[in-house]
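The region 'Substrate-binding domain' annotation in Swiss-Prot covers 2-253, and the record cites similarity to another entry as its basis. According to Swiss-Prot, the feature GDP-alpha-D-mannose binding site maps to Glu85, Gln249. Under the heading region 'Hexapeptide repeat domain', Swiss-Prot lists 275-422. Taken from Swiss-Prot, the feature region 'C-loop' applies to 358-386.
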Amino acid sequence: MLKAIILIGGPQKGTRFRPLSFEVPKPLFPVAGVPMLQHHIEACAQVPDMKEIMLIGFYQPNDELNRFIYSAQQEFKIPIRYLQEFAALGTGGGIYHFRDQILSGGPAAFFLMNADVCSEFPLLEMLQFHRQHGENHCGVLLGTTANRTQSLNYGCIVENHETNEVLHFVEKPSTFVSDIINCGIYLFTPDIFAHIGKVFQRNQQEKIQEELTHGRQMPEVVRLEQDIFTALAGQKKLFVYKTQHFWSQIKSAGSAIYASRLYLKQYHQTHPERLATNQGGTPKITGDVYIHPTANIDPSAVLGPNVSIGKGVTIGGGVRVRESIILHGAVLQDHCCVLNSIVGWDSTVGKWARVEGTPSDPNPNDPYAKIDSETLFRDGGLTPSITILGCNVNIPSEVIIRNSIVLPHKDLNRSFKNQIIL
């Protein structure tokens with residue numbers, strides 16, 4: 001028997017995803033036409049003997065989350081429930097807090113994954129790898145290869161090349177340690193809770209001492225990466241399974257467009273029915289495009305590559321859309337152009353208007369390059385990135401919006417470039 005836990009964070013997390021996370025919890029943001037979390041759940045549902053999927057986070061229960069859980073349970077025929085943390089407890093603290101629920105029924109092992117990663121999720125391969133390495137270890141980490149410079153932005157894993165044992169783990173080192181990075185997808189046995197428990201007890205002692213000595217409240221946080229993996233490395237307790245498949249983080253809104261491209265490409269193998277095709281009376285499709293069945297699109301529009309069109313979207317004649325996500329209820333009027341952008345819910349782009357961003361893709365000449373987590377500002381100016389229109393933004397006709405972020409409910413009356421429009 002197996003279970004899966006997905007860590008979905010909370011409203012204080014994912015701030016780099018604003019203004020899109022104002023309207024919907026980040027894990028429910030649509031990537032390649034379906035909520036981000038659905039890609040995880042689809043992968044979990046394909047694992048034999050998977051009995052339950054748990055979502056752990058500190059969002060208040062809300063209608064969107066409840067609707068998503070209900071529809072996912074109906075579609076995948078597997079129990080899914082949300083466990084709400086009383087505070088942000090960290091990647092290890094959350095699962096330790098709910099250890100009784102996770103261990104109920106006696107699972108032999110459980111998957112743990114972060115919601116903000118995009119991957120092919122090789123869960124079956126990880127399970128087979130786990131079984132090949134015997135009974136005595138307590139976890140398998142999914143790893144991938146990054147280049148030397150970008151590896152410093154991730155948890156770095158030093159492995160024994162013959163046995164794949166994790167010998168050393170450092171979270172975001174200041175100097176180069178290894179080009180194998182942590183993907184945020186794990187397979188644990190119940191033994192992991194004994195190790196988390198030791199750290200939790202030690203932290204409790206330090207917390208009490210700190211409060212007695214200085215009167216400061218310390219959060220009850222246990223971090224898997226810094227507190228658990230670093231301590232267990234080199235003790236034959238952790239192993240790393242290296243994947244050659246695609247993997248990326250989804251930290252910023254710009255990375256959502258890149259993740260959408262990866263998933264749309266994967267649909268050729270997994271869900272070809274989700275990809276739009278060129279047929280009579282339909283818009284011209286170039287490359288991989290997802291179109292919701294309720295969207296109303298003029299046949300003279302040209303879409304793709306890497307375009308996702310949401311529910312109830314209206315697209316007029318002569319419109320060009322490329323490398324973009326168009327969200328629920330948006331209207332693109334005749335002959336407008338949308339490139340490298342996310343158009344928010346119920347927003348309108350006027351006739352002959354142009355909404356354009358700068359792609360934040362990995363270096364195409366480096367096979368191990370990852371997407372850069374750019375800071376919003378650099379050298380006193382806004383870093384050029386994709387353009388984001390928040391919910392219910394109105395772009396008038398013949399206006400150009402380039403490399404800008406527009407917060408929700410704005411009626412613009414002129415062109416903007418490299419600005420955050422509050």
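Positions of Cβ are set from backbone N, Cα and C atoms, glycine also.
The number of other CB atoms found within 10 A of the CB of Glu85 (GDP-alpha-D-mannose binding site), across every protein chain shown, is 19. When the region 'Hexapeptide repeat domain' (275-422) is classified with DSSP, helix, strand and coil residues number 0 helix, 53 strand, 95 coil. Looking at the region 'C-loop' (358-386) alone, the prediction's average pLDDT is 73.
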